[in-house]
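Participant: Pasting a structure here, questions to come.
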Amino acid sequence: MTNSNRIKLTWISFLSYALTGALVIVTGMVMGNIADYFNLPVSSMSNTFTFLNAGILISIFLNAWLMEIVPLKTQLRFGFLLMVLAVAGLMFSHSLALFSTAMFILGVVSGITMSIGTFLITQMYEGRQRGSRLLFTDSFFSMAGMIFPMIAAFLLARSIEWYWVYACIGLVYVAIFILTFGCEFPALGKRAPKTDAPVEKEKWGIGVLFLSVAALCYILGQLGFISWVPEYAKGLGMSLNDAGTLVSNFWMSYMVGMWAFSFILRFFDLQRILTVLAGLAAILMYVFNTGTPVHMAWSILALGFFSSAIYTTIITLGSQQTKVPSPKLVNFVLTCGTIGTMLTFVVTGTIVEHSGPQAALLTANGLYAVVFVMCFLLGFVSRHRQHNTLTSH
């Protein structure tokens, strides 16, 4: 593989995470405006975003097998066509059914693209370099989470319709589409090089179960938290801009944390530092949820920084539970995380409807505590140390 080709594939991976981050995180900013657009209460409107999350979940789950049937480049180019159709559907229709369909299509495109992006990184990089590359790739998720709420706040404050936010997000996929030209992708399945030796099948082990539960609870907790921070902040008397700033600050700190931890993680055992970070994140979220508005800005910055490496480290540890990284194993952990994404508004929408936004934030806090327990238990069964020892000889 040429260096320029590797760079293009790496940038496709970066942008695939930015696309998913933008679609998922901007929801909290535009939800109120979309609810007004369709004359629905916010708690009811939040349920329609389950179609976005369901699309992500289904596509990531199926793509573990589709990647071996449909070439990666073909998937990405077809995804561009679907993205154009979905954004056009949002812009030119006032039907709630079509809105839900467009959201589902956006989810499918996002899930396919992100699973391809994750696979490319695990395929091109090995060992500790894989972990730091995955962490840097995931930083584009939070970079989009920092940039697009600011774009949304800018557009909405000027009474520009909410669907233009999704048109802006579509530009990320335009860049991915352009990068596919003149770029060679790894061949899988029947198109894979015949010289490759057959890979011996390995049992995944109970560590994968702990990591999968941790991935689900972490994503459900994180998105359940950040999706309702704007409503919670507005309930405390903050303006829409100030609420948007809280979300942007979280993702800015998250992004900086990823860059920092992509260097720091090289010096620590991944399972041990993951347990410490999960415990710290649970404590900091509790401080935010029970603190005063004066301290919210600082606690959300600290939470963003110290929780930034958790999800990517879970994926990296998952890929290290077998001697040879398995696309199906990585996709399984990703799928569990995406189940958390899909359940976000199913779980939190009901909680907010009955008990208000703070109850959703406290539920997210409980889920972070579960992540800590799973990471602690992983220490007794993880295989990453023996596999790292084998690869270092």
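Just so it is clear, glycine is given a Cβ too, placed from its N, Cα and C backbone atoms.
Just lifted these from Swiss-Prot, have a look:
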type: TOPO_DOM; residues: 1-10; note: topological domain 'Cytoplasmic'
type: TOPO_DOM; residues: 32-50; note: topological domain 'Periplasmic'
type: TOPO_DOM; residues: 72-77; note: topological domain 'Cytoplasmic'
type: TOPO_DOM; residues: 122-133; note: topological domain 'Cytoplasmic'
type: TOPO_DOM; residues: 155-161; note: topological domain 'Periplasmic'
type: TOPO_DOM; residues: 183-205; note: topological domain 'Cytoplasmic'
type: TOPO_DOM; residues: 227-244; note: topological domain 'Periplasmic'
type: TOPO_DOM; residues: 266-272; note: topological domain 'Cytoplasmic'
type: TOPO_DOM; residues: 318-331; note: topological domain 'Cytoplasmic'
type: TOPO_DOM; residues: 353-360; note: topological domain 'Periplasmic'
type: TOPO_DOM; residues: 382-393; note: topological domain 'Cytoplasmic'
type: TRANSMEM; residues: 11-31; note: transmembrane segment
type: TRANSMEM; residues: 51-71; note: transmembrane segment
type: TRANSMEM; residues: 78-98; note: transmembrane segment
type: TRANSMEM; residues: 101-121; note: transmembrane segment
type: TRANSMEM; residues: 134-154; note: transmembrane segment
type: TRANSMEM; residues: 162-182; note: transmembrane segment
type: TRANSMEM; residues: 206-226; note: transmembrane segment
type: TRANSMEM; residues: 245-265; note: transmembrane segment
type: TRANSMEM; residues: 273-293; note: transmembrane segment
type: TRANSMEM; residues: 297-317; note: transmembrane segment
type: TRANSMEM; residues: 332-352; note: transmembrane segment
type: TRANSMEM; residues: 361-381; note: transmembrane segment
Participant: Would the transmembrane segment (51-71) and the transmembrane segment (101-121) count as touching if the test is at least 3 Cβ pairs under 8 Å, pairs 6 or more apart?
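Facilitator: The answer is yes, given that the two segments have at least 3 Cβ pairs within the 8 Å cut-off.
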Participant: Kindly say whether the transmembrane segment (134-154) and the transmembrane segment (332-352) touch, using the definition of 3 or more Cβ pairs under 8 Å where each pair is 6 or more positions apart.
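Facilitator: These two segments do not touch.
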Participant: Report yes or no: does the transmembrane segment (11-31) come within contact of the transmembrane segment (361-381), defined as 3 or more CB pairs under 8 Å with a sequence separation of 6 or more?
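Facilitator: These two segments do not touch.
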Participant: Restricting to CB pairs under 8 Å, which listed stretch, 101-121, 206-226, 245-265, 332-352, 361-381, is in contact most with the transmembrane segment (273-293)?
Facilitator: 361-381
Participant: Are the transmembrane segment (361-381) and the transmembrane segment (245-265) close, by which I mean at least 3 Cβ pairs under 8 Å that are 6+ residues apart in sequence?
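Facilitator: Answer no: the transmembrane segment (361-381) and the transmembrane segment (245-265) share fewer than 3 Cβ pairs below 8 Å.
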Participant: Restricting to CB pairs under 8 Å, which listed stretch, 78-98, 206-226, 245-265, is in contact most with the transmembrane segment (162-182)?
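Facilitator: Most contacts with the transmembrane segment (162-182): 78-98.
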Participant: Find the member of 78-98, 101-121, 245-265, 297-317, 332-352 that has more C-beta pairs under 8 Å to the transmembrane segment (206-226) than any other listed stretch.
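Facilitator: By Cβ pairs under 8 Å, 332-352 leads among 78-98, 101-121, 245-265, 297-317, 332-352.
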Participant: Tell me, what is the mean pLDDT of the topological domain 'Cytoplasmic' (72-77)?
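Facilitator: Value for the topological domain 'Cytoplasmic' (72-77), mean pLDDT as a whole number: 92.
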Participant: Give the nonlocal contacts of the topological domain 'Periplasmic' (32-50) in its own chain as ranges (CB under 8 Å, at least six residues past its ends).
Facilitator: 94, 96, 99-100, 103, 156, 161-162, 227, 231, 342, 344-346, 348-349, 352-353
